[in-house]
Structure formats: C-alpha cells, structure tokens
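J.: I have a structure here, written as structure tokens, and I will follow up with some questions on it.
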Amino acid sequence: MNMKQKSVYQQTKALLCKNFLKKWRMKRESLLEWGLSILLGLCIALFSSSMRNVQFPGMAPQNLGRVDKFNSSSLMVVYTPISNLTQQIMNKTALAPLLKGTSVIGAPNKTHMDEILLENLPYAMGIIFNETFSYKLIFFQGYNSPLWKEDFSAHCWDGYGEFSCTLTKYWNRGFVALQTAINTAIIEITTNHPVMEELMSVTAITMKTLPFITKNLLHNEMFILFFLLHFSPLVYFISLNVTKERKKSKNLMKMMGLQDSAFWLSWGLIYAGFIFIISIFVTIIITFTQIIVMTGFMVIFILFFLYGLSLVALVFLMSVLLKKAVLTNLVVFLLTLFWGCLGFTVFYEQLPSSLEWILNICSPFAFTTGMIQIIKLDYNLNGVIFPDPSGDSYTMIATFSMLLLDGLIYLLLALYFDKILPYGDERHYSPLFFLNSSSCFQHQRTNAKVIEKEIDAEHPSDDYFEPVAPEFQGKEAIRIRNVKKEYKGKSGKVEALKGLLFDIYEGQITAILGHSGAGKSSLLNILNGLSVPTEGSVTIYNKNLSEMQDLEEIRKITGVCPQFNVQFDILTVKENLSLFAKIKGIHLKEVEQEVQRILLELDMQNIQDNLAKHLSEGQKRKLTFGITILGDPQILLLDEPTTGLDPFSRDQVWSLLRERRADHVILFSTQSMDEADILADRKVIMSNGRLKCAGSSMFLKRRWGLGYHLSLHRNEICNPEQITSFITHHIPDAKLKTENKEKLVYTLPLERTNTFPDLFSDLDKCSDQGVTGYDISMSTLNEVFMKLEGQSTIEQDFEQVEMIRDSESLNEMELAHSSFSEMQTAVSDMGLWRMQVFAMARLRFLKLKRQTKVLLTLLLVFGIAIFPLIVENIMYAMLNEKIDWEFKNELYFLSPGQLPQEPRTSLLIINNTESNIEDFIKSLKHQNILLEVDDFENRNGTDGLSYNGAIIVSGKQKDYRFSVVCNTKRLHCFPILMNIISNGLLQMFNHTQHIRIESSPFPLSHIGLWTGLPDGSFFLFLVLCSISPYITMGSISDYKKNAKSQLWISGLYTSAYWCGQALVDVSFFILILLLMYLIFYIENMQYLLITSQIVFALVIVTPGYAASLVFFIYMISFIFRKRRKNSGLWSFYFFFASTIMFSITLINHFDLSILITTMVLVPSYTLLGFKTFLEVRDQEHYREFPEANFELSATDFLVCFIPYFQTLLFVFVLRCMELKCGKKRMRKDPVFRISPQSRDAKPNPEEPIDEDEDIQTERIRTATALTTSILDEKPVIIASCLHKEYAGQKKSCFSKRKKKIAARNISFCVQEGEILGLLGPNGAGKSSSIRMISGITKPTAGEVELKGCSSVLGHLGYCPQENVLWPMLTLREHLEVYAAVKGLRKADARLAIARLVSAFKLHEQLNVPVQKLTAGITRKLCFVLSLLGNSPVLLLDEPSTGIDPTGQQQMWQAIQAVVKNTERGVLLTTHNLAEAEALCDRVAIMVSGRLRCIGSIQHLKNKLGKDYILELKVKETSQVTLVHTEILKLFPQAAGQERYSSLLTYKLPVADVYPLSQTFHKLEAVKHNFNLEEYSLSQCTLEKVFLELSKEQEVGNFDEEIDTTMRWKLLPHSDEP
C-alpha cells in the first residue's frame, strides 16, 4: 500500500498559501475588507479631531464665599402643593436675605408647576414638598446643577483663563442657596431656634485639583464603543470565508487526510496577520490624535492585537455552532456589543473582583475593562508603564492574560465542537472522545447480533448474482456486511440502504448502478468515511471503517471523487493540484513531478495556468478527477466521475482507470449505462436501497432475456408479415419490436447465435422481397436496467437505440402536447405586457418573501438605523432617573464599621475653635457617618485628596460657623455637606428627624444633549434612505444565473421585467419610508407641528423618491451586472454621499440653491434634502410671519417633483442601455419599443475550406431556404454562415487582444418535424452556436431565422445547459410564472401545467422549493419549462444531463411527442450519444468551431464507422492464448482492443465481417471448439465515429491565435440579453 505521511506543518503552509492567493486575487473583496477597517479608523481620527483633548494644569484651592452672596433677583421659585405648612415654610424661606426680590409662586399641583417652569426657562426653580422634612428641588440640569453623579471627562476646566469646576454650579447658581434657605425655615419652624446666621454664613472651599486630561462629555464612552466594534468588518469576512470553505471543502479535504488543526490554523494565521497590521494602524491613530496620552504605543497595540485574536477565535467557535455566515455575524456582533457594553459598569461601579474575573472570560468585556484602566490612569496623568512603583499598571497584565486565555478557550472549543457537531449526517466524534485514545465515533457501534450472524460468503449462487471468477477469490478488498442507513426526515425515518451484502474485489472495476435515490451516494459516503452506517459493518483490507484509527489508515490510500467539483476557483489548475498533493501528504520534493504527471495524463498542460473559475464544466470535472488520482491511491471511490465530459475526455478517463485496474480497487457510480457497460468488469445494480443483481454485462444481458437487435432496411415492396414469418422460421422466439417506413427491427435471443449463420445466409438472398440491407447490434445495459426497473425499454434506433414506446407514458406526453393546440390564442400586445408585469411582480414578491437573509439584513440595518434614537431615549431616561436622586450621605461617606470602598471615604472634621466641639461631633454620629477629627493647626482640609469632603468648624461653642471643603471630583459634595450640617443643627436642638433633599430633572421632553452620535432622527433618515440596494439589486442575481435571458427568450418584454420588479420594490420601499415617518412623528410629536400642506408634500415626494431611487439602482445593477452584488457596499456609498451632501449644505448655511442642486445630483439625498428644505423654508417663514402657520408656495411644490424628473431620466437611461445590448427584443416591446430595422448580416470573414460534401450540400440548402419567399417551404430553424469571435485576454498591458473563435462559418437548417443533434467535444462551439440561435449572443457574422422571422420573441422554447431556476421558488410557481410570461390564459395555463406534471410524474414535487429538489428533478423542470406554450422551435442544450435512465426515457418520449406530426423543429446538443441515436433524425458533429459532418446516424456510420466489435468470454483462462491465435487466423486484420482475464475484445474491419452469415458460422465453430461461454458481435457505434473526429480537435492544427478548443477557457458572454 502506498502510505503517505500527513504533516500538519505542510498542510497548514499549503492552505495558508492558498488563502494568501485568494486574498491577492480577489482584490475587490480584499480592498473592501481592508478599506472598511481603515475607513473606520479614519472616522475615529476625524471624530477625535473634533474633540478637544486638553491637559488641565491643576488648580489651587478656591474659596467660593458665603452662601448668601448669591444674587437671586432673576430667579422665580415655584412650589407645590399649597398647604398651611408649605406656605408657612415658603414665607419664612422668602425672608432669607439671599432671596430678596425673588418671586415665589405656589402651584396647586405638579402639572401646573411644570407649565410655569417651562415658561420661565432657565431661571425658574421648583420645590415639591413630600412632607415637612422631605422636599425635592427642580433645577435646569447642566446649568444650575451637574448632569451626572460622576464625571470622567472634565470635572474642571479653563474658561478663558478662569478656572472653574462642575461642582461649583451648585454653589454659584442658586441650588445650595435655595436649599439652605429652605433648611433654615424648616429648622426654625420645627425647633423655634434661629439658625439663619449659622447656615447663611457657611463658606465653600474646593480642595486643590491635580493636573488631568480634559475630555468632552461621553468622549471616553464613545471611543471605547468605536474601538470595541473596530474589527467588525474583519469579523464579517472571517465568518463568510470560514463558513463557506468549511461547508464546501473541509470534509472533502478531510477525506484526503487533512488535519482539523491545519484548517483552523491556516485561516487563523492569515487573519492574525491582518489583525497585527490593523492593530498597528489603529494604535498609530490613537497615539497620533492623542485619544490616549500617557500610555505607550506597545501597551495599546498588545491590547488591540490580543483582542482581535480573541475575536477571530470567537468567530471560529460561532461558525462551528451556528454553521451560517449571516447568523454567525449577527451573533458575534450582538455578543461583542452586549459583553463590551457590560464592561462599562466598571467605569461607574466597582464590581466584586470574583465577578469581574468571571466576566473577563468574555473577551469584549476584558477589552473594555482594559481600555477603562488605561483611560482612568490617563485621566489622572498616569500611564500603563513597566515597572510601575504604584502597582496600578500590573492589572493590565491580568487583562492581557485574560484576552490570551479567552482566545485559547474559544479556539479549543471550536476544535472540540467541530468534531462533535458536523454538517448534516456526516461522521462525528462522541462528546467524550478525548477520554478514549481510539477516538471512537458517535454511532459507531452496530448491532452486534447481526455481525455475529454474518456469513463469509457474499451471495449464494443464484440467477441474480454471477459467481465470482476463481482468480478473484481471496482478493476481497471491500467487504460490505448487512449495511443499513437511515436518515431522519420530516415524515419519519427514511431508509436509504436496506441490508446491503456484497464484496468488491481488487483488480476489478466495479460500477454501482441505480435510479436517482437508489442509495448509490449514501453507500459511497459510508465507504469514504463521511457517513456511518446505522447498522452493519464495512471493512477495507480488513480494517473497520467504524474505528477512527483504521479509517485514518484507509484514507491514506484512498482517492475520492464526489458528485460535485472540488477545485478552488481562485487557484489555477496547477495550483489546485499542488495544494491537494500537499494535503494528501505527498513529499514536497515529489509534488511538482506528480502534478506534471497528472497534467500530462489528462492533457491539461495548456490550461495549467488558467484559473479554475474560467474552466468549462468538463474541464473542471477533469481537474476534480485529477485531484482524485493524485499520489496513485490504491482505492478509488468515484461518484459519477465523467458527468459533463465530452466523449473524448470521457475516453481519456476510462483509459486511465483501465491502466490502474491491476492491484487497485476501483468503484464508481454512474447514470450512464454505456459507461458501465464499456468500463466496468462487474456491475452492481441497486434499487430502493437494496442490491438487485450483480455481474458482467454479458451475464446481465443473458439473464434478462435481451440479445441482439437485427435491423432490416426495406423498400416499398417489402411485406413485413412475410419477413417476420421468414425470421421466426429460423428463430421461433424472435420478436418484431419496431416497424416504420425505412426498416424493421427484431430482437434475437442471445442463446440462438448458432442459428445466425443460416439466417444471414438466407437474408443475403432476400433482395427480391424488399430487404435492401441489414445490420446487427448487441442490446445495451440500459435496456437491462430499464427492464429491472419494470419500465418499458428504449432500444437504440438503427442499430442501438430504436424507441420502444410505453403506450401509457406516450399517451400522456401526446396528451400534454395536445393541450397546447387546444388552447385559445395567447394574449398579445398590451394585454400580454400587463400579464407579464404582474407575473414579474409576483416573482419579485415571492423571492423577497423567501429571502430570509435579505430580510434579516434589512432588520439588522433597520435596527442600526434606529439604534441612535433608542440610545438617545435611553440616555434621556437615564439622565432623568440619575438626576432624580436623593442626596444621601452614603453616596460619598462610609458608615462606622464599613470597609473602605471606592469612592467612599470618611468625613474629615477640622476643629478651628478653641473649645471642644463634641456636641457637633455627636450630632454627626447620629447620621451614621464615619468621622475623622483633626485640628486646624495640623491640616486645613484643602490638601487632603484622600477625603471626599471636610467640614471646618470655627467660632465658639453653641455659636459655630462652618466651612465646607469638597474634592472637585465629587460633583454633589456641597449639597450633601450642607444637608449634614443642617441635620447636625437639628440634632443639637434635640430633634430626631432628618431633613431629606432630592434633586429632580427639569420637565423637558427633549434635552439638548450632544452625545457624539448623530442626531437620532437625522441618522434614521440617512440610513433608511441608504437601505435601498439591499432591496433592489436582485436583477444582478437573475443576470448571473441567466434567468433574465431565459425569461426574455420565453417572450418577456424587457420593460415588463423592470416594471414588474419596480411594482414590488417601490411599494416595499414606500412602506419602509412610511414606517420611518411614523417613528419620526412618534419621537417628535410633542413639539412637531405638521400642517396638511406638509403632509400633502410628503405624499407627493415619497412615491417619486422611492421610484427614482429604485430605478437609479436598477441602472447601477445593469451597469455592474457582471460583478458581485455588493449591496452593503452600495448602501455605504449612498450613506457616504448623502452625508457629504448634507455637510456641503451645512457649510453653506443651508443655501436653497445649493440644497436643491444637491437634491438633483444625488438621488439618495433627495428625501433628506427635502426634509432639510422644509425646515429651512419653515424657519424663513417664521422669521417673516411669527404668528402664521407655514404654507408651501408654488415654487416649493415644484421641488416635490424633482424625484419624478429623476425617475423619468433613469428609466430613459435604462432603456438606452437595454437597447445597446439587444435591439431584437425591443422591437415588439410596448413601452421600450423601437422601429423595426433591416437585418444587417455582416459578411463572414472566412470562406469554407476543404468541407465535406454533406456540409457543402447543407450550406447550399440553407442559402436557398434563406432566400425563398414561400413560407411553407422555409425550415423552422435557419442558421446561415454563423461566425462568432470573442475577445481574449491580454498577455500584457501593451499587447493586443487575441481573438478566440467559437464558431467558424457554420450553416444548417432544421425542417418541420425534424430533430437535429449537434454533437462535439467540450469547447467545440455547440453552446455558442445555440446561444446565437437563441439570441442570447449576437453573431459576429451570419444570420439566424426562426420560423421565417429574425426575432426570437414568442417563437422559442429553450432548455439551457445550466439550471436557470430560482432556488426559493417551488416547481409550481416556476411553471405559473413562465406560463404567464408566454401569454397563456389562466385556464389554459392550469390545464397545460396539470398535464405536464402528470406526464413527468412531478406531483410530489409541485410545492417543493427548487433548492430542495434533486438534480434530476431540477433538470426535468428546465425541460418542462421549455415545453410550455406552443413554441414552434425547441432548443435543447444537454437536456438530460444528471437524469437517471427512467427520467431520460420520459424526456425522450416527450421530445418525440412534441415533434410527432407537428410543425415543430428541435435542435439538440448532447454528450450522451445514445440520446442522439435514440432521438435525432440527423446529427451534425462540430470540431473546433467547424461542422465536420452532417447526416443521418446510419449514413455517418456507413461513411465513417467501418468496423465491428467482437467480444469473447472463455470459461477457462488456459484457453485465452489458443482462442486469440484462432481469431487472428480467422480474421487476419483483427486488432486486439483489450485483453482482461477471460474477456477478449477485437475490432474487425468490414471486409473481414461481410457476409455476416459466414462470420457467425466461424464464430459458432470457435465457440464449439474452444468451449466459449459466450460471444457478441456488433457494429461500430456512433461513439466510435465521434471519437475519431474528436481527435482532430485534440491534435490542433489551427491558426496561431486559436488554442485547441479542448483547452479553451469557458468563453465569456459578451452579448447578454
């Protein structure tokens, strides 16, 4: 066994190189990835430049003077409620000297008081009495009192040379003065002791203020939020890339030996590099703009770098848990926002250390706490430095450690869940796998009792299973024992495999056959280790696949080719091979040699430097096969390996597999019975999860009663009854299967070959009975399969595939077709246009309704838009709540016995009297305050920054005077200390009550608070007006999947497509705008005055704005239709452009001319500009007429129509662009109509050289048909001198583009009732030809006529090569949309759809979304859509690809029913030559863009295929040499094709075969003399003819500018619909 050593380092390096190349080559995505992060950094820099970040130099203690120095003459005091006690208190309060001249008003209730206060802003103050000793003061916050309890931005400032602090507002603007007056009144009324002098003489002193860095309000919070989300763009792309690759490629790479750690490391390392660079960038911005001043570069960089790494690991974890990129992004964003914002609690509160450590497990929380540590130290002019004598910096090491630990935890969890939570039903580990050294899988245990009962023998010898040849006994490589597989479906368990029991042998090629859903792929998934059997066991070379260790060993020698292509599109062919070679563990020194070997064997040297995304589907399939055979694995598991390959490439693959047959185990599944017949030594046929039969082709054909097909060519005098009697005379059990005007086809049993010599001898004498000739062919494996499936067989026309119709199915097909002829005339002109508009509107609505991703994105963007508005309201609510607080002592001061707790301290009492102040001390202790008493001689209290406040007591006993000293950081210190003194005096007068004072916010519904965010309403307008690209760029997807082309070919008017889309998009956008208006109104309704004229103006402008923006985006979508959709990027452009336009108008002071100009030039800004326009006009009107309501003038109403002029302009531009790309479709369009133009066929640049005589005849016939004026004589399809050139890629900037020619002067026509097959290898020009005929691309030269008309519209049914379907729509919805597009009336459409569904057995799939249908059903749907309507022309581009034989039979019958006895013509391209033989009246073979031959199949065989194929199977291997010698003796020119074991194959020239009677006589003698088991003789097939012609394309021999088309890239679509 060829074992290879897998190195994690080698795999990681290879994947890292792949990721780097991906980033380098996908420049737009990488630019977006980097650009958004850089742009966010620049926004931070811009935001920082608008903020003043100034170092406050410090301030000496300040004496603010006495309380009664306040001048209150401008104040108004309003109180409530009015009672005797409150009046008494307020009367006494008014006597205070500081309130002299102050107006004191009583209000009966709070509502009335609020009205008075609002009318007298900002100098009115309110008082609400709760009881005698409790009241609430209402001041204008921010002016008379601070906004917050704490302030980390700037508690002191330098106001033009005068230092001031926030807490002094209480003292200087009347709050403490009014508090003191009220407290004095309460104490005097309660105790009858005068305290006016004691309280009014209180002086205020601020402690000294140390230097610090001043910042604007919420400056720190906003920057932390910016930094927290700075890596969000990167997170988006990480989740997108990782989720996509994990879903698409990771499991396949694991089958090749990829280690999980290598996958995650490769992505982790490249994004670690990105994080490293972006962290440097953002750190430079932070230090350069001095957002943080004192902390060094390296500390900030490490914090950001570790935080970014932890986010990468978090994305890995969430992508494993959630599996979808959209959900991953949303969840990571919300977790980052939530955990990060939770960290703000550390800013304002001191959390318990244990809780803080636990929360640090969330990396955003750890990052936020780290930033807060830096900011707090920066605030006090300290930085994070090492070594740090104070020890404050060392907490940052803990933060670094936690971020590093978080990243490791997330990464380990990602690796763990990656093993136990796979996609779907794939193999996965047990949750406790790490406890078991063997790493057992979940579900690996099978039913032990079953295993014990298993027998060693594969199957007893019976009629269904051919006995294994003796030479293979003991070579059992794969042993499958009682394997069952169940899947969980919605309706319960579904059994995919039902007790399979058979062996696969080394040295044999084994094919697994079966209809779609038979269980082939399920079995292969079990064999390649992707899935685990529900029951039973599988061993490969005696290693059990259920054991992880065994599976790893098997994977080292196994190559797997799945149904889908596995290449990385962004890598070249050579790079793909090199990458997978390294993943497979091929030694680095041997990688290049191995890659070159594969390129040579698959003939891909000339495309080795082409990117995989530019390859044709066939070339991609060859690349996938090449990846599979890298390293020459001993076991090959191939799931439909040749799907999409042309016969020549398929023959190459077959040859490679035959060469590897010896000492290898090759198992493949296929839908092609011919492939199995030719390639496989042993066929295993499955049905509904069970094994039906197994054996060689000859065994299966003999067992199921199928033998030879004898075709007799007849003329007019031939009597079928006489000929049938003649045949049955020689072979009684012969059966007449097909009878038509040209021939009779009989089935002859295989065991009757001994009678063939006499039969053919007599046939040679039957020319007088009307038999002009005969030929014989073997039955195909396809017929065996159809018989096993219980269906009627389709035998090959002429000598291989004569259609044997199942009458019931055929009747259904003919009934379905007849429904079209029974219909009324289809709707046309404006009626059809309206029907199509509504059909497109319905289509758009259904897509929008089911695009969960788009709706979630819209919801997220809407949430982002409304976020500032919510934040504003929350902040206002918090502001109201925070200011409405009680001035409690415990806010700043500790209680006795309480442990020190930030920010509380003890209260310092300084005795400046010459006596004992024990009475005052005692009164303070009653207030539960921890006191510290000292003498004034020791300290004056102004330098003690370790205290929040101090009271200096002076005077003499019983007549104290007080000074209050406050730390400038404690904003509410003065009211609290004044209350402490007041309550102390109460206690000294033996009163036990305490005065309680609260502060309440001023009764404003909207507070003018700048938070650093845009105004919420403005931001809402800005974002929602930029949201439109998410809604309206669906046409790009339609273009890319060619759905738009298909709709146009089906008869859709171009204007109907856009108008139908707009009908839904505009309506949806209007709904969003109305919702925005509603939110805006609810937010501002208390102070927003809306007149009927403003409402009318909005009613006018809103639909116009929605329409203009929608058609503007349609125009953009059309221009960039070949690129990615990038809705988010366009939304950002709209947002940015609107912001710039608003800034321009703002700078120009909202000049109306500039405002209107910006509205016209930038469609996305029009609505926001109109809102601004209304506001400016309202202000102008108010200045002129203060009392009158604002009314719009006639000029103002003209501005409302700007969006409508824009809409008309964009519709016109869109029409012009459509006109440029395709004039034909516009000629009948009722809206975009243009005048009919004469056909302008360009002369062909090439003249035909050395053409076959049949091609020349067809060219003359086509030219004649083109010029004839008799419509009845015109063919259905005329393709005259078609030539197509594409511009190739430049090799360098200065070189010219070389032309690539897809079609070279081809001419042919299709008559009514005829099916013409267009054959050729990949790249021969078939699809280009059919695209020219369909009108998708414009010919470089030549012309096309369909049913006598050059326009395609309404004349064509087209089944393209790819599935042009909408994944989220159901099968029924597709049929209904296309029926409406083709103009079928509702009743006719229902009838036609019902009959087609019945004919193709699609009832169960009617309401299933396309994305959940099998590949075969989706292909059927494409074909059925082409049949809808009564189109006289059908173009079918490989219609049966991927469909099982049963489905193919239905399709073939449908095609024949469509053409039979009708005026329709069909042009068919196919790689399935049996399909061509079954259906086509004529075939044309294209090679390198030219027609090489054309004619009936038998004509081509007679002309080009001169050989017969002889197969002999001997019973004893010892006879092989003798038989070979005898055959060469009997047939001297026989060429040995293949010798394998007991099977011999030869090619015999016609000269050696004719007459057939003598040939069969010789073969019967050989069979008798050498005891042959069986033999077969058949004429050369169409495939042999095709392969011979295809060699011309392989050899090349063309002009220099043309590559051999086998090596062409997929040609670009230059002329789109």
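In case you wondered, yes, glycine gets a Cβ from its N, Cα and C as well.
Feature table excerpt (Swiss-Prot):
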type	residues	note
BINDING	Gly514, His515, Ser516, Gly517, Ala518, Gly519, Lys520, Ser521	ATP 1 binding site
BINDING	Gly1320, Pro1321, Asn1322, Gly1323, Ala1324, Gly1325, Lys1326, Ser1327	ATP 2 binding site
DOMAIN	478-713	domain 'ABC transporter 1'
DOMAIN	1288-1513	domain 'ABC transporter 2'
CARBOHYD	Asn84	N-linked glycosylation site
CARBOHYD	Asn109	N-linked glycosylation site
CARBOHYD	Asn940	N-linked glycosylation site
TRANSMEM	222-242	transmembrane segment
TRANSMEM	268-288	transmembrane segment
TRANSMEM	297-317	transmembrane segment
TRANSMEM	327-347	transmembrane segment
TRANSMEM	355-375	transmembrane segment
TRANSMEM	854-874	transmembrane segment
TRANSMEM	1007-1027	transmembrane segment
TRANSMEM	1062-1082	transmembrane segment
TRANSMEM	1094-1114	transmembrane segment
TRANSMEM	1127-1147	transmembrane segment
TRANSMEM	1150-1170	transmembrane segment
TRANSMEM	1194-1214	transmembrane segment
J.: Any contact between the transmembrane segment (1194-1214) and the transmembrane segment (1094-1114), i.e. 3 or more CB pairs below 8 Å with pairs at least 6 residues apart?
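T.: Per Cβ check, the transmembrane segment (1194-1214) touches the transmembrane segment (1094-1114).
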J.: Residues sitting near the transmembrane segment (297-317): Cβ under 8 Å, six or more positions beyond its termini, same chain?
T.: 227, 230-231, 234-235, 238-239, 242, 264, 267-268, 271-272, 275-276, 278-280, 282-284, 286-287, 328, 332, 335-336, 363-364, 366-367, 370-371, 374, 383-384, 396, 399-400, 403-404, 406-411, 413-414, 417
J.: Which one of these binding-site residues has the most other Cβ atoms within 10 Å of its own Cβ: Ala518, Ala1324?
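T.: Of Ala518, Ala1324, the one with the most crowded Cβ is Ala1324.
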J.: Tell me which residues of the chain lie with their Cβ under 8 angstroms from that of Gly519 (ATP 1 binding site), as long as they are six or more apart in sequence?
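T.: Gly519 (ATP 1 binding site) has long-range Cβ partners Lys485, Ala496, Leu497, Leu500, Met686, Asn688, Gly689.
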J.: Restricting attention to the domain 'ABC transporter 1' (478-713), give the mean pLDDT.
T.: 85
J.: Excluding Gly514, His515, Ser516, Gly517, Ala518, Gly519, Lys520, Ser521 themselves, which residues in that chain have a Cβ inside 8 Å of the centre of the Cβ atoms defining the ATP 1 site?
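T.: Going along the sequence, the neighbours appear as Ser522, Met686, Asp1444.
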J.: In angstrom units, rounded to an integer, how far apart are the Cα atoms of Ala1324 (ATP 2 binding site) and Ser516 (ATP 1 binding site)?
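T.: It is 30 Å, counting Cα to Cα.
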J.: So, in DSSP terms, is Asn84 (N-linked glycosylation site) helix, strand, or coil?
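T.: Looking at the DSSP assignment, Asn84 (N-linked glycosylation site) belongs to a helix.
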J.: For Ala518 (ATP 1 binding site) and Asn1322 (ATP 2 binding site), what Cα-Cα distance in Å is obtained after rounding to a whole number?
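T.: A Cα-Cα distance of 30 Å.
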J.: Measuring Cα to Cα, how far is Lys1326 (ATP 2 binding site) from Gly514 (ATP 1 binding site) in Å?
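T.: Pair distance, Cα basis, whole Å: 30 Å.
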J.: Have a look at the recorded positions Asn109, Asn1322, Gly1323, Gly1325, Ser1327 and say which one has the shortest Cα distance to Ser521 (ATP 1 binding site).
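T.: That would be Asn1322, the closest of Asn109, Asn1322, Gly1323, Gly1325, Ser1327 to Ser521 (ATP 1 binding site).
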J.: With Cβ distances under 8 Å as the criterion, find the stretch in 268-288, 327-347, 1062-1082, 1127-1147 that has the most pairs with the transmembrane segment (222-242).
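T.: Highest pair count goes to 327-347.
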J.: Give the nonlocal contacts of the transmembrane segment (327-347) in its own chain as ranges (CB under 8 Å, at least six residues past its ends).
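T.: For the transmembrane segment (327-347), the sequence-distant neighbours (Cβ-Cβ under 8 Å, at least 6 residues beyond its ends) are 152, 220-221, 224-225, 228-229, 232, 235-236, 239-240, 243, 311, 314-315, 318-319, 356, 359, 362-369, 372, 856, 860.
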J.: May I ask for the distance between Ser516 (ATP 1 binding site) and Asn84 (N-linked glycosylation site), taken between their Cα atoms and rounded to an integer number of Å?
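T.: Given the Cα positions, Ser516 (ATP 1 binding site) is 95 Å from Asn84 (N-linked glycosylation site).
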J.: To the nearest Å, how far is the Cα of Asn940 (N-linked glycosylation site) from the Cα of His515 (ATP 1 binding site)?
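T.: Distance between the two Cα atoms comes out at 99 Å.
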J.: I'd like the number of other C-beta atoms within 10 A of the C-beta of Asn1322 (ATP 2 binding site), please.
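T.: Step by step: centre on the Cβ of Asn1322 (ATP 2 binding site), count other Cβ atoms within 10 Å, giving 27.
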J.: Gly517, Gly1320, Gly1323, Gly1325: which of these binding-site residues has the sparsest Cβ neighbourhood within 10 Å?
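T.: Selected from the binding-site residues Gly517, Gly1320, Gly1323, Gly1325 on minimum Cβ neighbours within 10 Å: Gly517.
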J.: Determine the Cβ neighbour count for His515 (ATP 1 binding site): the number of other Cβ atoms within 10 Å of its Cβ.
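T.: Result for His515 (ATP 1 binding site): 22 other Cβ atoms within 10 Å.
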